[in-house]
C-alpha cells in the first residue's frame with residue numbers, strides 16, 4: 001500500500017483491493033494468451049518433424065506427447081510458476097527487471113549482467129514479431145477445413161486482421177480488456193472439452209504421461225527426434241510472458257490460474273489430439289480443428305481468431321512495456337510514449353514501436369505464407385531468452401537471496417540444462433527461417449549497446465567542459481553585471497553538481513538571470529515505480545538557486561510539471577505559466593578519430609537525431625520550453 005493512503009491530511013475514499021479471482025481471470029486473458037494458442041500448431045509441427053516424410057506411428061505420437069507434457073511440467077510449472085516468479089523487483093518481472101535488480105549487488109560483474117539483460121530484451125522483440133504472425137495465420141487456416149474455397153483468402157485475411165490490430169492500438173485496450181479474460185476462459189474450456197471428447201475414445205494415450213516414452217523417442221529418431229524436440233518447444237513459447245507480465249496481476253493469481261485452468265486445459269487438449277491421431281493419422285493436417293464436429297468448425301475458427309488476437313495484443317503490450325523500460329534504463333533513445341488509460345498504469349502506446357512491429361509482422365506473413373513455414377523461425381528467440389533468464393536467476397539467488405553456490409547451482413543446473421538442450425534443438429532450424437529472430441535480436445542488441453556507449457561518451461565530454469555549480473553560484477550571486485528578470489527558470493541536468501550547459505548559454509547570450517533558478521535532475525531508479533512520498537527532494541541553496549531531484553521508476557513515464565507541482569509541501573511554489581524550462585539539445589557529429597568504430601558513431605549520431613525532444617518526453621508544454629543547442633563530436 002502506498003504511503004499516500006496513510007497520510008492523515010489527505011481524505012481519500014477507501015480503496016478495496018482487486019478480488020483474487022478477478023486478477024486470476026485477468027491473467028488468463030493477458031498472461032496466458034500466447035501459451036494458450038500453442039495447441040493450434042504445436043502438436044502438428046512436432047509430429048510433422050518426427051515423421052520426416054514417413055508414416056505416423058503410435059510410438060511417435062506417444063513419444064512426442066510425452067515430451068510435450070513434461071516440457072509443460074518442467075519449464076512452465078517448476079521453473080517459471082514455482083521458481084523464477086519469486087525473483088521479482090517490487091512485483092515486476094522480465095529480463096530487464098532482473099538486470100535492474102542485480103545492478104547494485106554485482107558491481108564489477110554488472111557489465112556482463114547488462115549484456116545478458118540487453119540480449120534477453122533484444123530476443124524478446126524477435127518473439128514479439130513472430131507471435132502475432134504465426135498465431136493469426138494458424139487460426140485463419142482453419143477456414144480450409146470449413147471449405148477449400150477459402151484457401152486463397154487466408155493470407156489476405158490474416159494480413160487484414162493484423163493491420164486492423166495494429167492500427168487501433170492508439171485507442172488502448174481499456175474498453176475491450178475486460179472481455180479478454182472471459183473470452184480466453186471460454187477458449188480454454190472449449191479446448192479442454194474438445195480434448196476430453198477425443199480422449200475418452202482411446203485412453204491408451206495416457207501412457208504418454210510416462211516420461212520414458214519421450215526418452216525412447218529421442219534415442220531412436222536421431223536428427224528427426226531433435227527437430228521434433230525443437231518443435232515441441234512451441235508448447236511453451238509463451239512461458240516467458242508469465243514472468244514478464246507479473247507486475248500487472250501479481251504472482252499468486254497467475255499461479256492459481258495456471259494450476260486451476262490453463263495447465264489442465266492444455267494437457268487435455270494435447271492428449272485429445274494425440275488420441276485422435278492414433279486412430280486417424282490422416283488428420284495430422286490440422287489436428288486441433290479436427291477435435292470438433294463439422295458443425296462447430298466455423299464457430300471454432302471465430303473463437304480461435306479472437307484468442308489469437310488477444311494473444312497478439314498481450315505480446316504487443318509487452319513490447320511497449322519493454323521499450324519503455326529500455327528507454328528509462330538508458331538502453332534506447334527517447335520515444336513518444338502515450339498513456340491510453342487514466343487508471344491503468346501499464347497501458348501505454350508507443351507509435352514508433354507500433355509501426356516498426358507492424359511492418360516486421362506483415363513481412364513475415366508475406367514471406368512465409370503459412371503457420372507451418374513460420375514455425376521454423378519460432379523458438380530460437382524464446383529459448384535464448386530462457387537461457388539468459390536461468391543464468392540471471394542464478395545470480396539473483398547468490399547475490400540477492402544469499403543462497404550458497406551449491407544450493408543455487410543444484411536448483412538452476414537442471415533447468416539450464418533443459419534450456420540448452422532445447423536451444424541446441426532449435427539451432428537446427430537456423431537455415432529454415434530461424435535466422436530471422438537472431439538477426440532481429442542481434443540488430444537490436446547492437447542498437448542498445450551503441451546507444452549506451454554513446455551516451456556515456458557524451459556525458460564524459462559534457463562533464464569535462466562544465467563548471468562546478470557551487471563555485472558558479474558563489475560568483476554569480478555577487479555579480480552586479482547580470483540583469484534579473486521575473487519568473488522561475490528550470491534547468492535540466494544529468495549532473496546536479498555541475499552548472500547546466502543551458503544555464504551557461506543563457507547567461508552568455510541573453511545576459512539575464514531569473515529571480516528564481518532551479519537546477520533539476522530527473523533520475524530513473526532501479527524499481528518499477530517510485531511512491532509519491534519519495535518522488536522529490538528539494539534543497540534551497542540560496543535566494544537565487546534551488547536544487548530539485550525527481551525520481552521515477554523504470555516502468556513510469558516522467559511527468560515533470562506534475563511532479564514539480566507536487567513539491568508544494570516541500571516549500572517549492574510552482575506555477576507553470578511563470579516558469580521557463582531550459583534544456584540542452586545536443587547535436588551529435590561523428591568524430592575522427594572516435595572512441596567508437598566508425599559505423600557505431602554514425603549509428604549513434606542518427607539515433608540521436610531521431611530521438612524525441614526532451615520537452616515531449618518529460619511532458620513539458622512546448623510554449624514553456626527553451627532549447628539551447630550545442631554540438632558534440634563522438
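A Cβ is built for glycine as well, from the same backbone N, Cα and C atoms used for every other residue.
The stretch that Swiss-Prot tags with transmembrane segment, taken from the ranges 201-221, 327-347, 348-368, is 348-368. Among the residue ranges 20-40, 41-61, the one that Swiss-Prot annotates as transmembrane segment is 20-40.
Among the recorded stretches 64-84, 110-130, 176-196, 224-244, 377-397, the one sharing the largest number of Cβ pairs closer than 8 Å with the transmembrane segment (348-368) is 110-130. Tertiary proximity for the transmembrane segment (405-425) is limited to same-chain residues at least six positions away from its ends with a CB under 8 Å from its CB atoms, namely 74-75, 78-79, 83, 226-227, 229-230, 233, 379-380, 383-384, 386-387, 390-391, 393-394, 397-398. Nonlocal intrachain contacts for the transmembrane segment (148-168), taken as residues 6+ away from its ends with a CB within less than 8 angstroms of a stretch CB, comprise 132-133, 136-137, 140-141, 305, 309, 312-313, 316, 354-355, 357-358, 361-362, 365-366, 369. Away from its own ends, the transmembrane segment (64-84) comes close to residues 35, 42-43, 46-47, 50, 93, 205, 208-214, 217-218, 228-229, 232-233, 235-236, 239-240, 242-243, 254-255, 258-259, 263, 266-267, 270-271, 274, 386, 389-390, 393, 411, 415, 418-419 of its chain (Cβ-Cβ under 8 Å, at least six residues beyond either end).
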